[in-house]
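Reviewing the structure listed below.
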Amino acid sequence: MPSYTVTVATGSQWFAGTDDYIYITLIGSKHCSEKNLLDKPFYNDFERGAVDSYDVTVSEDLGEIQLVKIDKHKYWYKDDWYCRHITVKTPAGDYLEFPCYRWIGNDKEVVLREGTAKLVTNDVTQIHKQHRRKELEERQKQYRWKEWHPGFPLSIDANSYSELPHDIQFDSEKGVDFILNYTKAMENLFVNSFMHMFQSSWSDFADFERIFVRISNTISEYVMQHWQEDFMFGYQFLNGCNPVMIKKCTKIPDKFPVTQEMVAESLERKLTLEQEIELGNIFLVDYELLDGISANKTDPCTIQYIAAPICLLYKNLENKIVPIAIQLNQTPGPENPIFLPSDSKDDWLLAKIWVRSSDFHVHQTVTHLLRSHLLTEVFAIAMYRQLPAVHPIFKLLVPHVRFTIAINTKAREQLICECGLFDKANATGGGGHVELVLRAMNYFTYESLCLPTAIKMRGMESKEDIPYYFYRDDGIKVWDATLNFVKDVVDIFYDSDKTVCEDSELQAFVKDVYVYGLRDNEESGFPKIIKTKEKLVEYLTLAIFTASGQQAAVNFGQYDWCSWIPNSPPTMRCPPPTTKGEVTIQYIIESLPDRGRSCWHLGAVWALSQFQDNELFLGLYPDEHFVEKSVKKAMAKFRKNLEDITSFIQDRNKNKNLPYYYLSPDRIPNSVAV
């Protein structure tokens, strides 16, 4: 009688194993096997990390194996099992791979297809077509869209983390409790003694060192030593946490009436301001998004303030970007002076601090939350709803949305919700962050998410004119490597533009992103339909880069750049100055966050800057959703390109006081998971 060898791989995460009864049924083109219990006498089957093999003997030839059905029945108590994959060796000696990579609950039945990726147009058998439809029907019941707040991109329909499908929850060893993580961070940083000291001001700048952990040879200590210097202020617009704001200035805005006389002392080439603009040496950063945003009023004992500054920067003879004029609000006038490097040291320092505080708000809420976390969740939900596991685009994207829905759900539950952790230390807490996201949605465009295009839109593409913009240089390298990998995969499964157009599942995925994620907003520029392979490659590259490279660039430097509180204040406790010559060091200290808010801020940026346990970095795909040799070859090529980029960045960073490593591929996680 024909005999098949079935090999079952159990996951290695905590509690992946099971003592339940596992049955398998082989479904062939001719016949189906009996329901076989997978059990070895005197052996503990399906332990965590185990690979177990079983012989399945059948009475007749099953034909080509089309599906494998797994049944799990409770032995004693609730005992979910994580199945990685199943391999079937046929009587003819052929090996068939059936990827699973999901949790199987009590009394559940899971039907798996052989791992070869198939478009909907490739399926010819009725059993495969039916399996495909049923999988999507079940997924669409599990993954439902919901409006967390009017005007936001839609998110997962779950009121709490515990309501999420088990398959997208964190592994048990991963910490997902923000309150616990922040508290642990403050204990690790030895600042927990200050965490409840709200309304208690620091004595001076040196007093902030009491909560500043000095880690030798890191950016954070260098920032603490040099934060008051103009070059450090300007450098952060290029390579800090929020390197997406600076743009080349082609005309001084009417609302920012900087004159030649104001900045003449700062223009080292002895040219006029207009001439410097023409030469491309003048840059602008405008925080107009913050104008009118409500400041945090959750603590009646502390009045908090938000400004919407405009900053003019200059590329000096050393090719350093330095500030030459700052206006702290959008409407010019006698009570909104333009601060200059020639003003008193304290005036100029406080103006720069206000800009840094404003940058922090836009970074956290727009650059990080909206344009990274929320967007990636949109791609994730649409993928689960519209692409079956056998679809090549599902296989391509699924490693890049790992744990994203989970971390965002936890954030809505503890971090950005009403009375959440965001309210404790941030001036945009208490609802201002919601207003800011809604306003930023008006400028949320497809083009601005395509890195090379976004760089050009800001006039920042020239390496010769702007030589030290490492975010741009490394980012484009990673973007190009990702794009080439995506192109290799797309070329394997789509032979023409017509194939793209005829892929109804792909088009449903794109439509879901546009209609629900982007709220049917035509001005966003997101496509409703994709008609060419070239556009598909760009679209998928955008999704992967947003979840990996862009997230790494704006997330993992937070402790480096924001742990020295005066360099990135999360709130300001005194209003912006309306006249010059009255600012004192004491006024600056009173403006900065109090001891309690400083500690909560420090705990936050520490926790957010840490990699997750068992982090998977870009190009590493231990879950083998693809079985095709051609795809594995493309993956190997991708990894080689990423290794070359890593080596280049390591060589460049040698002996640098300010190394830039956030876009080094060996430090870029595959997905948004923190």
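Glycine too: its Cβ is placed from the backbone N, Cα and C atoms.
Residues or ranges marked as Ca(2+) 1 binding site in TrEMBL: Gly17, Asp79, Asp80. For Gly17 (Ca(2+) 1 binding site), the count of additional Cβ atoms within 10 Å of its Cβ stands at 21 [all protein chains shown].
Around Asp39 (Ca(2+) 2 binding site), taking its Cβ as the centre, 13 other Cβ atoms fall within 10 Å, counting all chains. Positions annotated as Ca(2+) 2 binding site by TrEMBL: Asp39.
Here TrEMBL flags His368, His373 as Fe cation binding site.
If you look up TrEMBL, you'll see 2-118 marked as domain 'PLAT'. Averaged across the domain 'PLAT' (2-118), pLDDT in this predicted model comes to 94.
According to TrEMBL, the feature domain 'Lipoxygenase' maps to 118-674.
Annotation source TrEMBL lists site 'Essential for stabilizing binding to COTL1' at Trp103. Around Trp103 (site 'Essential for stabilizing binding to COTL1'), the C-beta neighbours below 8 angstroms that are at least 6 residues distant in the chain are Asp80, Trp81, Tyr82, His166, Asp167.
Within 8 Å of the centroid of the Cβ atoms of Gly17, Asp79, Asp80, where the record puts Ca(2+) 1, the same chain has further Cβ atoms from Phe15, Ala16, Thr18, Asp19, Asp20, Phe46, Trp81, Tyr82. As a summary of secondary structure, the domain 'PLAT' (2-118) carries 0 helix, 60 strand, 57 coil according to DSSP. With Asp39 (Ca(2+) 2 binding site) as the anchor, the candidate binding-site residues are Gly17, Asp79, His368, His373, and the one with the nearest CA is Gly17. Cα of His373 (Fe cation binding site) to Cα of Gly17 (Ca(2+) 1 binding site): a distance of 31 Å.
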